[in-house]
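*Asks:* For 8-143, the entry in TrEMBL reads domain 'EamA'. Taken from TrEMBL, the feature transmembrane segment covers 7-26, 38-55, 76-95, 101-120, 178-196, 216-235, 242-263, 269-290.
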Amino acid sequence: MISPHTVGMASAASAFTIFGLYPLYFKQLNHIPPLQVALHRVVWSFVVLVPLFLWQSNWKHFTTTAFTRNTLGHHALSAAFLAGTWVLYLFGVSGGYLVEISLGFFVNPVLSVVLAVVVLKEPLRRAQWVAVGVAMSGVLVVAIAIGSFPSLGLGIGTCLALYGLMKKTSPIGSVDGIVLEIGVLVVPSVVGLVAFELQGTGAFLHTPEYAADDWLLIGSGVATVVPLLLFASAAQKISFTLLGLLQYIGPMLTFALGVFVYHEAFSTAKLAGFAFVWIALAVFAVESLVTSRNERRKASIVTLATSEEIHSTTTAEVFVVDWSQGPTTPVDASFKVILIDKEDDRNIGSYVTRYSPLPTYYVVQTLPKL
């Protein structure tokens, strides 16, 4: 039987692989204005996503939680950042800037950390400061190498970071948020497509020889929704640390397509700039892994009343408790460990084991051996 963790890994890897290979798909639509492609992408994503959502979700709960002034306003702004990312991305693909697009995705985690500091007032750890400094140095080197500021790449990275910030502070779930954001965008997208039609520049359903274009435009909805659903599934099955590491599959594939398939210019100087960014990401990834491991280790230790207090009241051996596993057979039936919920001082049990991932439970008293 395949474990949920394995399914999560496969889902995440599949989602990020699809993201990374998007240029192969959207390059086939290069002769259509990128903005028009983006509008079709929104409309067909809505057509694909909403029936799936209605089938799998509680519509009544969604309308109750999502259709409030604060939630709608929050996700309208979030939708604007999502739209900005899509439009810039499609302009980059159409214009042959895959390497710069990959730069935007590479620096996105660093920009997200900076936003967390500026907006959420989260403190940066020392290694994160180092990663930010090295990454920004890499961007500067790339700017010097290409003779201009990589505005497209950083625009994508910034929109993604702002979108991530909005998702982090969203009052509803991630899938519900996606549905709401696409819903916010679909009306102006339809209006935009009608405007293209009225101007005589619409690309959809006009010439039989371009029927393949019509199917590609329709398929952009499927190509958008499938990896989003895979990502949402993966997020429920694997840690965010692992998910964060797997996300680099996407920009690595896009980078490889730009350099080796579409032969975009990539000088030694530009390589040096990317090397700085990759080093920053390595520092960032290692620091995240170490921090995550330390947090799990801390969570495996029950917060005790002081050792002196415990040993002064009993001769019983103290064990650590894992409440998440439910009631377990005591290691030694001749003594108990009493657990109290910190929030309401409620006695929640007296079961004994050796680990605890939940530090909200702690030993306050042990009874003498019977």
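Each residue, glycine too, has its Cβ placed from N, Cα and C.
In TrEMBL, annotation is done automatically, which means it is predicted and not curated.
Keep in mind that this is a model prediction, so the values were computed, not measured.
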*Asks:* Considering only the recorded stretches 7-26, 76-95, 101-120, 269-290, state which has the highest number of Cβ pairs under 8 Å to the transmembrane segment (38-55).
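*Replies:* Highest pair count goes to 76-95.
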*Asks:* For the transmembrane segment (7-26) and the transmembrane segment (269-290), does the number of C-beta pairs under 8 Å, pairs 6 or more apart in sequence, reach 3 or more?
*Replies:* no
*Asks:* Going through 101-120, 178-196, 242-263, 269-290 one by one, which has the most CB pairs that fall under 8 Å from the transmembrane segment (76-95)?
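*Replies:* Highest pair count goes to 178-196.
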*Asks:* Between 101-120, 216-235, 269-290, who has the most Cβ pairs under 8 Å to the transmembrane segment (242-263)?
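*Replies:* It is 101-120 that shares the most Cβ pairs under 8 Å with the transmembrane segment (242-263).
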*Asks:* Within the domain 'EamA' (8-143), how many residues are helix, strand or coil going by DSSP?
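*Replies:* Each residue of the domain 'EamA' (8-143) counted once, the result is 119 helix, 0 strand, 17 coil.
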*Asks:* May I ask which of the stretches 101-120, 178-196, 216-235 has the most CB pairs under 8 A with the transmembrane segment (269-290)?
*Replies:* 101-120
*Asks:* At a C-beta cut-off of under 8 Å, are there same-chain residues at least 6 beyond the transmembrane segment (178-196) that contact it? List them, or none.
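*Replies:* That would be 35-36, 38-40, 42-43, 45-46, 49-50, 53, 62, 66, 71-72, 75-76, 78-79, 82-83, 172, 202-204, 228, 232.
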